[in-house]
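So the structure is just underneath, and the comments pick up after that.
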Amino acid sequence: MTDLIGLAFPFFGLIFLGYFCGRVVKLPEAGLAWLSFFIIYVALPALFYRIVAQTPFEELANGAFILAVIASTTTCAVIALALGLFFRKGNIGEAAIATTVGAYANVGYMGPGLTLAALGQGAATPAALIFACDSVFFFTLVPLLMAMRGGQHESLWTTFGIIVKRVLTHPFNIATLLGVLAAAIKFQEPAAIAKMLDFLKNAAAPCALFTLGVTVALRPLKRVPAELPPLLGLKLLVHPAIALVSLSIFGGFSPAWTQTLLLMAALPPALNCFVLARQYHTYVEEASAAVLVGTLASVVTVTGMLYLLREQLIPLDLFP
């Protein structure tokens, strides 16, 4: 158990270090702008590119695994949307953000670093595929749901065009696609560029986790919405169970791939929940509370998942 705590502590320790600094040091939120830019547009894209580019191309074309990821995420999203509509009395905009709280794991900031540290290099490819699938899914679903709100002036086609543009131009997705291309043609970067990419890759997780902590600290918890407990229960406990069922249905995956999806499904709500809430000026305070409380609760749930996986207490195939 000590080694599991030692494995999880650096990740949550960086988050809480950022939280502590954000609460103690009185700097304006604008100070995060360049660090956030570095994380989103430079460091994390370098991480995803290196992960994917160094993976044999045939491993990336795993259609069954992609279907398992999509099935588990979609199932969680449907349940979360129903909860959001019920608790927010049919408000589609607020329910859309609530959906991300219940189904969108922190697969960008926490996922790659944690899974690679816990499961080794074998987690690299499934982590990249999970990230790509979830990003495309939620950056498509949320704008579509927002377009269904009353008082929206954009046509459905305009909204669809915006969605396609955002998905195709998102730096994470661009980096992943370039990585796929590099893997397909077996491209090798010059040594100097490869070294720089490694520097950036290694900076991604520490910077992202510290920034997550500061961001949460700058949005103190004022109240806990009624739907938050069931949404977080869905995200932290039910989502991994749904993922296990989905993996068992589509079947035939290596232990590393199965464990990667289970661990990433157990992660807390993504910071993008708050980003999307702020973008659409709806459910902002509730999304902030969800990220804060979910991250705190995940100290227990993620460590518990690591323990269950390490001790092989979870069957990796329910239908052998």
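Placement of Cβ uses the backbone N, Cα and C atoms for every residue, glycine included.
Quantities reported herein were computed from a predicted structural model and do not represent experimental measurements.
Now, the feature entries from TrEMBL:
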type: TRANSMEM; residues: 6-25; note: transmembrane segment
type: TRANSMEM; residues: 32-52; note: transmembrane segment
type: TRANSMEM; residues: 64-87; note: transmembrane segment
type: TRANSMEM; residues: 94-111; note: transmembrane segment
type: TRANSMEM; residues: 123-146; note: transmembrane segment
type: TRANSMEM; residues: 167-187; note: transmembrane segment
type: TRANSMEM; residues: 199-218; note: transmembrane segment
type: TRANSMEM; residues: 230-250; note: transmembrane segment
type: TRANSMEM; residues: 289-309; note: transmembrane segment
Contact set, same chain, for the transmembrane segment (32-52): CB under 8 Å, 6 or more residues outside the stretch: 60, 108-109, 112, 124-125, 127-128, 131, 171-172, 174-176, 178-180, 182-183, 197-198, 200-201, 203-205, 207-208, 211, 214-215
Beyond the flanks of the transmembrane segment (199-218) by at least 6 residues, Cβ under 8 Å: 11, 14-23, 29, 32, 35-36, 38-39, 42-44, 46-47, 50, 106, 108-110, 112-113, 271, 274, 288, 291-292, 295
Cβ-based contact of the transmembrane segment (64-87) with the transmembrane segment (167-187), 3 or more pairs under 8 Å: no
Highest-contact recorded stretch vs the transmembrane segment (123-146), from 94-111, 167-187, 230-250, CB pairs under 8 Å: 94-111
Cβ contacts the transmembrane segment (6-25)/the transmembrane segment (289-309), at least three under 8 Å, sequence gap 6 or more: yes
Most Cβ pairs under 8 Å with the transmembrane segment (230-250), selected from 94-111, 167-187, 289-309: 94-111
Long-range Cβ neighbours of the transmembrane segment (167-187) (under 8 Å; 6 or more residues past either end): 40-41, 44-46, 48-57, 60, 108, 128, 131-132, 135-136, 139-140
